[in-house]
Amino acid sequence: MSEQFDVVVVGGGPGGYVCAIRAAQLGLKVACVEKRGALGGTCLNVGCIPSKALLHASHMYEAAAHHVGDLGVEVAGVTLNLPKMMAHKDKVVTDNTGGIEFLFKKNKVTYVKGAGRITAPGAIEVTGEQPQTLTTKNIVIATGSDVTPLPGVQIDEESIVSSTGALKLASVPKTLIVIGAGVIGLELGSVWRRLGAEVTVVEFLDYILPPMDGEVRKQAQRTLSKQGLNFLLGHKVTGAAKTNEGVALTVEPAAGGDAQTLTADVVLVAIGRRPYTEGLGLESVGLSTNARGFIEVDHDYQTKAQGVFAIGDVIGGQMLAHKAEEEGVAVAELIAGQSGHVNYGAIPSVVYTSPEIAMVGKTEEQLKAEGVAYKVGKFPFTANGRARANADTEGFVKVLADAKTDRVLGCHIIGPQAGDLLQEVVVAMEFGASSEDVARSSHAHPQLGEAIKEAMLAVDKRPLHI
Ligand code: FAD
Ligand code: NAD
């Protein structure tokens, strides 16, 4: 007789492992099935964490080679030790994924290594390292997402890579073409540019970073171009051929026109991610995916099959680790009979370029489209004392507030440590704060966060330092 669980989570990424821990905290008997041989999912293994390790290390390299001299710190003979940088990144990954195993033990979550397949309501067959059949009252699907392929451009993870290959190139390519000016393209494009590659980003749309506020997008393009990223906007890649020198790409104007050939040592395909449900056995409980491959759920993450829930990238929405985590907590609480809930209006989004780009809530374009009357407050980092002291003044804070109620509806930052700075606005929005509430909160001096206070004051046309 096999062990009976209250919850079996399929997938050990940020959605799945957090769900498993929260469910165990609530006294449920929980197992988590993961097939990649390590916990942490895309995020810890081939996503958020390794990319940030390389972003930080490459930023330090560029700063040492080109920028700290401006502050009177003269460093001679800066050289790149790529294997050591990669070893740092790999160690961060294994330390973090090992940390999740420790958390599972601490919370008494059973970690089952192998691929999970739903075979009947409440039954999961595991193949691989620890083959067995698990029986459970509830199943939570958290199988995440995978790279969206581009027809005609075959990824080999050597000269034509996805983000996974771009995180472990053995040498710095002389030339790199990135297909897609989204988050991955700009983050990993920045890493390799800083390390010495000549990087060209080909984007289908005629602007970069589609979901961001228009003003921020324009500033981001200006800043990244100044740093040396080349942009070919309004173009699509229609084919790729491997040559002795590298890769030849066929590129056409998105609106139609003559094709041209671009060549590069390495090509990074970064045109988005798609939900992953391969081999999951959805059909055994009468489920299928929608036209875009996502699993559909109701407000309580319940699929159409009783006792089968789904969370994270596999259900769509913002494909972000912290969004998956919030859903993991919410579904665990709902299964335990509590009232889990996620406020999708206050999920931050951060691009870890330099400067960082961060947003929460509505963009100005969205408010216009929705016919909402709003006020804007803006403040540049050039007018912030700490940013000047740090010689890091690129960018601004932009706040959008309701014209009648003054409630904060959105905040957009491009600038130093934008991601961390944004967090106070996320909390403010979670509590339904007005711009006046934030403007009247004392902000320590000298801090970059004073730029947030000033932008909030600017909503009422009374900034103090500009
Ligand atoms: P995943 O993390 O994809 O985890 C799903 C897991 O399920 C995988 O480990 C998979 O092996 C496992 N699995 C699938 N099917 C089965 C099965 N049948 N049986 C057993 N196991 C199975 N997000 C951020 O918020 N911030 C960032 O900075 C950030 N950076 C990123 C950088 C890159 C390069 C990439 C690719 C993504 C990045 N993301 C970032 C996105 C983030 O990684 C995802 O949104 C997040 O990992 C989604 O979590 P998840 O739990 O839904 O799925
Ligand atoms: P994305 O959706 O952010 O960007 C894809 C870009 O590719 C878009 O600008 C799109 O217009 C463009 N594009 C699509 N088809 C194209 C084509 N044929 N030719 C040229 N351009 C094309 O996707 P991504 O950058 O691959 O990232 C995937 C997901 O991973 C995102 O949803 C993101 O949320 C997540 N992620 C998050 C972070 C972060 O939070 N810092 C970092 C990396 C990835």
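Think of each number as a place in line: the chain as shown, counted from 1.
Using N, Cα and C of the backbone, Cβ positions are placed for all residues, glycine too.
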Which one, C32, C48, is listed by TrEMBL as the other cysteine in the disulfide with C43?
C48
Out of G114, G116, G286, which is the one TrEMBL records at the FAD site of K52, T143, G144, S145, D313, M319, L320, A321, H322?
G116
Per TrEMBL, which of E157, E158, E203, E252 sits in the NAD(+) site along with G180, A181, G182, V183, I184, G185, L186, E187, G272?
E203
Consider only the binding-site residues T143, G180, G182, I184, E203, M319: which of them have a Cβ under 6 Å from an atom of ligand 2? Write none if no residue does.
G180, G182, I184, E203, M319
Within 10 Å of its Cβ, which one of these binding-site residues (G180, G182) has the largest number of other Cβ atoms?
G180
Near ligand 1, which of the recorded positions C43, G180, M319, A321, H445 are found, taking a Cβ distance under 6 A to any of its atoms?
C43, M319, A321
Are there binding-site residues among T143, I184, E203, A321 that sit within 10 Å of C43 (disulfide bond), Cα to Cα? If so, list them; otherwise say none.
A321
Can you check what DSSP calls S145 (FAD binding site), collapsed to helix, strand or coil?
strand
Least buried by Cβ count (within 10 Å) of the binding-site residues T143, S145:
S145
Where T143 (FAD binding site) and C48 (disulfide bond) are concerned, what is their Cα separation in Å, rounded?
17
Measure from the CA atom of C48 (disulfide bond) to the CA atom of S145 (FAD binding site) and give the result in Å, rounded to a whole number.
14
